[in-house]
């Protein structure tokens, strides 16, 4: 490795007055805190993104609960674990999956493609801050966004519809986390290649709606046809919804769904990192 | 040392002239025999120059000449195929991180988040450096203070460009690279930006100015290299370059039609006059350095007082002279320009 520390750089450099400075090559993470806070503030200035990322899952859950007749009725004609639940309760894991998918497939790829399109990463490369710092800051901000959006949906949903808590919180949290990882991996894969925000948006949207379908957005819980349910179990968002449903209402550990999400992550995340274009 | 590719030479030899720094000081920037190809396209064939501390040094050439690639190699953003580059003695190719604190770079077409304000951008970029400049002072220097709370999307072209320069300077660099900084600006904003570059130099910053505008280089640069098709074709101060091309002087006369026979007769008898040609309603006279006083004096003796315009030579003439092509301001060099190099060299001799 070349020397990175305490290199004097006075040779040949004319200084306009003042003592000659000793310059030290930085670590590349100076200002990461300012970067993260600034980016978070900028995200909050984007009303469309804020609404969809933070409030859409809550609006969806409350909207579905009130808009469709019978959603607040107790299910009587379905096998366990559905029997005895209200229809809107079954929709809670779907709302959580929506929180994950919205950020992973709409916000994240579009932001990263915008950075590339506008030359933000290129400009950052000329400063001591590594462009990886911006990527890290945004992954962190998006993670926080998903968690806040999910928490908001659950809290508001419980208040409005008097929902019961999960039977196995660990399974719900684990499934939620793996759901985030696998879905962010897909988002990052789009983000790694898309040269323009519009491309990233188009690809993201193309995946967004089929994924929401497989998560049960239009056919929640017992309403989902068996074939669709089987297929959904192999997709990251479908598996996440099924696993969270098991953790919330059922018993046992949804091993197959957890493995599916882990495999998606292990395959796609390194691929995204490898394919990532910095300019 | 010398290259395999012959370079049409304007004395002194461009590659040699470009590599020497005035006063023998250690160079702030040094580029030696840089080469970079993208696949089969050679963007930079052989570029060498050295910039002394405190200089404004120009890298001039038409679009597609290899200027931006040179800059990117210099900034450590691109790996060169061959050659060496040094900034303040450090090697940005093997260790890009080593130059980040010392080198400010203003790149073409690098934007910001459109919702970020001027003050936020400066504060953010300042936070990346160990020893940043005072952002308030920088905003004053670049006339950005009145726009400090304006979002990037709402800034004018000139304001964006000034912010871009401010961001290149916010780390208190000793060397700044400014790439095409007046492209897309109106004439007034361009002149304001030029004054600014001079103000920045007064702070002791060495400036590498990359441009395809001849007038910009002529106005700002202490010395410069002209790059064409990846090769340095001329080097020196603007005055040296212009003088080296042609020491003749050109002027144009406008006289009443009935005076023309007398004027032509007088011109024919003057030793300082080389050639006389018609240019529309004017008569173009080419001659020695003393052609202007000689012509005016001789015509005055015959009671003819013409309107006289002297035609100034510019770097554009230097470019035409060394490449044998006209300078294309608008885009990449045309199809005729990319013809095989031997043609070009032939024309240059």
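Glycine is no exception: its Cβ is also placed from the backbone N, Cα and C atoms.
Taken from TrEMBL, the feature compositional bias 'Low complexity' applies to A:1-18.
The feature region 'Disordered' is assigned by TrEMBL to A:1-21.
Summarising the annotation, TrEMBL assigns domain 'ABC transmembrane type-2' to A:48-279.
Residues or ranges marked as transmembrane segment by TrEMBL: A:50-68 (among others).
For A:88-113 (among others), the entry in TrEMBL reads transmembrane segment.
Tertiary proximity for the transmembrane segment (A:134-157) is limited to same-chain residues at least six positions away from its ends with a CB under 8 Å from its CB atoms, namely 32, 35-36, 39-40, 43, 53-58, 60-62, 65, 88, 92, 95-96, 99-100, 102-104, 107-108, 111-112, 115, 120-121, 124, 163, 176, 180, 184. Among the features that TrEMBL reports, transmembrane segment is placed at A:134-157 (among others).
Feature annotation from TrEMBL assigns transmembrane segment to A:169-190 (among others).
Within the chain, the transmembrane segment (A:197-218) has long-range Cβ neighbours (under 8 A, six or more residues past its boundaries) at 93-94, 97-98, 101-102, 105-106, 109-110, 112-114, 117, 186-187, 190-191, 224, 228, 231-232, 235-238, 240-241. Per TrEMBL, transmembrane segment is recorded for A:197-218 (among others).
The transmembrane segment annotation in TrEMBL covers A:255-276 (among others).
Tertiary proximity for the transmembrane segment (A:50-68) is limited to same-chain residues at least six positions away from its ends with a CB under 8 Å from its CB atoms, namely 43-44, 87-88, 91-92, 95-96, 98-99, 102-103, 106-107, 145-146, 148-150, 152-153, 156-157, 160-161.
Using a Cβ-Cβ cut-off under 8 Å and counting only residues 6 or more beyond its ends in the same chain, the transmembrane segment (A:88-113) has close neighbours at 49, 52-53, 56-58, 60-61, 64-65, 71-72, 75, 82, 135, 138-139, 142, 145-146, 149-150, 153-154, 157, 161, 163-164, 176, 179-180, 183-184, 186-188, 190-192, 194-197, 199-201, 203-205, 207-208, 211-212, 215-217, 220-222, 237, 240-241, 244-245, 248-249.
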